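**Student:** For reference, Swiss-Prot lists these features for the protein:
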{"type": "BINDING", "residues": "LYS46, ASN70, ALA71, ILE72, GLY73, LEU74, ASN124, ASN190, SER191", "note": "substrate binding site"}
{"type": "BINDING", "residues": "LYS46, SER47, ASN124, LYS163, ILE189, GLY216, GLY242, GLY243, GLY264, THR265", "note": "FMN binding site"}
{"type": "ACT_SITE", "residues": "CYS127", "note": "active site, nucleophile"}
Amino acid sequence: MFFMLETSICNIELRNPTILAAGVMGSMASSLNRIYRGGAGAVVTKSFSLRPNPGYRNPTTVEVTGGVINAIGLSNPGVEAFREELKLVDEEVPLIASVYGASPEEFASAAASVEEYADMIELNVSCPHAMAGCGASIGQDPELTFRVVSAVKDAVDVPISTKLTPNVTDIVEIAGSAEEAGSDALTLINSLGPGMKIDIKTARPILSNAFGGMSGPAIKPVAVRCVYDVYRSVDIPIMGVGGVRDFQDAVEFLFAGARAVQVGTAIMYDGPEVFMKICRGLEAFMMAEGFSSVDEMVGLAHD
C-alpha cells in the first residue's frame with residue numbers, strides 16, 4: 001500500500017511520511033496501535049517525565065478561529081507507568097517516545113528508561129505552557145538545549161530528535177545547538193504562543209491555566225517557514241508539524257525541507273482517518289506531478 005510513499009528517518013523505515021504528533025491519542029498502547037493500523041507511518045507518544053505530573057485542571061483546551069489553544073500541563077503518569085504501556089505497543093509500529101524534564105539529568109534518565117521500547121526519542125524542550133524550568137524555557141536557550149541534547153545522547157543509543165519552539169528570535173541558532181550537541185533529527189514546531197481566550201460572559205480566561213499553546217491550521221505558515229529556514233542550515237532530517245490537515249499541507253512541508261510530517265490537531269476534526277486521507281491525496285499528487293518517491297520532494301522549494 002502506497003509504496004511510493006515509503007521513506008526513512010535516521011534509518012527508521014516508514015511506510016509513509018505521516019506520523020502521529022505527541023500529545024494526541026498518545027498515552028495508551030491501544031490508541032497508538034489504532035493510529036498505526038489506521039494508516040500512520042509512525043507514532044509519537046504523549047510527553048512523559050520521570051515522576052507523575054497531574055497537569056492542569058479542566059478546562060485544558062478551547063477551540064478558537066483557526067485551531068485550538070491547549071494547556072494540559074504535560075500531565076502524565078510517570079516513566080514507570082508509561083513503560084508498562086510501551087510494552088504493549090505492537091512490535092511493527094515505529095515508535096517515537098517523547099520525554100521532558102527540568103534538567104539534562106532528568107531528560108537523560110527518562111530517555112534511558114524507555115530506550116528499549118523506542119525506535120527514537122523525541123525531546124520536548126518546547127512546550128509553551130510547561131511548569132517553570134521545563135519546555136520552552138529550555139528550548140529558547142541555545143546553551144540549555146545543547147546540554148539537554150548532550151546528556152540524552154550520552155545516555156541512549158537510539159536516535160534522538162529535538163522538538164523546537166517557534167517562540168524564539170532565531171530558531172536556526174537553536175537548531176544549530178541541537179545538531180552540534182548530537183541530535184540526529186529535528187521536529188519543527190511545537191505549539192505557538194502562549195495564547196489566550198476570554199469568556200466575554202464571565203470576563204475570565206476560559207482555560208484553567210489562563211493561557212496555552214496554539215495549534216492547528218493557523219500556525220502552519222509559521223511552521224513551514226521554520227522548516228524552510230532550518231533546512232538550509234542543518235545536515236540532519238526534519239519532521240514538520242503544525243497545522244497539517246490534508247495532502248496539500250504535507251506537500252508544503254516536504255517542499256520546505258521536511259522528510260515527514262506529524263499530525264495532531266487534525267485528528268480532533270477528521271478523526272484517525274486523516275492519515276489515510278493524507279496518504280491517498282499525496283500519492284495522487286505525486287503521480288500527477290511525476291514524482292516517484294517522497295525523497296524527490298524534500299527541499300524542492302530551495303532549488
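Cβ from N, Cα, C; glycine included.
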**Student:** Compare the C-alpha of ASN124 (substrate binding site) with the C-alpha of each of the binding-site residues ILE189, GLY242, GLY264, and give the closest one.
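**Tutor:** For ASN124 (substrate binding site), the spatially nearest of the binding-site residues is ILE189.
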**Student:** Would you list, in sequence order, the residues of this chain other than LYS46, ASN70, ALA71, ILE72, GLY73, LEU74, ASN124, ASN190, SER191 that have their CB within 8 A of the centroid of the site's CB atoms, where the site is the one recorded for substrate?
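**Tutor:** Those within range, site residues removed, are GLY23, SER47, CYS127, HIS129, ALA130, GLY135, GLY212, GLY213.
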**Student:** Over all pairs within LYS46, SER47, ASN124, LYS163, ILE189, GLY216, GLY242, GLY243, GLY264, THR265, the annotated FMN binders, what is the largest Cα to Cα distance, rounded to whole Å?
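**Tutor:** Between the most distant Cα atoms of the FMN site, 19 Å.
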**Student:** Can you tell which of the recorded positions CYS127, ILE189, GLY264 lies nearest to ALA71 (substrate binding site) in space, using Cα positions?
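**Tutor:** Comparing Cα positions, the closest of these recorded positions turns out to be CYS127.
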**Student:** What Cα-Cα separation, expressed in whole Å, is found between the residue listed as 'active site, nucleophile' and GLY242 (FMN binding site)?
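**Tutor:** With the alpha carbons as reference points, the distance is 13 Å.
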**Student:** Under a criterion of Cβ-Cβ distance under 8 Å and sequence separation of at least 6, what residues of the same chain contact GLY242 (FMN binding site)?
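**Tutor:** Correct list: PRO166, LEU188, ILE189, SER191, LEU192, SER215, ILE219, LYS220, VAL222, ALA223, VAL224, CYS226.
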**Student:** Tally every other Cβ atom lying within 10 Å of the Cβ atom of LYS46 (substrate binding site).
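**Tutor:** The Cβ of LYS46 (substrate binding site) has 23 Cβ neighbours within 10 Å.
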**Student:** So if I draw a 10 Å sphere around the Cβ of GLY264 (FMN binding site), how many other Cβ atoms end up inside it?
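**Tutor:** Cβ-Cβ neighbours of GLY264 (FMN binding site) within 10 Å number 25.
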**Student:** I want to verify one value. Collapsing DSSP to three states, which class is ASN124 (substrate binding site)?
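**Tutor:** Once the DSSP labels are grouped into three classes, ASN124 (substrate binding site) ends up as strand.
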**Student:** Have a look around ALA71 (substrate binding site) and count the other CB atoms within 10 A of its CB, chains all included.
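**Tutor:** Taking all protein chains shown, ALA71 (substrate binding site) has 28 Cβ neighbours within 10 Å.
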**Student:** Counting only residues 6+ away in sequence within the same chain, which have a CB under 8 Å from the CB of GLY73 (substrate binding site)?
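**Tutor:** Once residues fewer than 6 apart are set aside, GLY73 (substrate binding site) is near ASN53, PRO54, GLY55, TYR56, THR60, HIS129, ALA130, MET131, ASN209.
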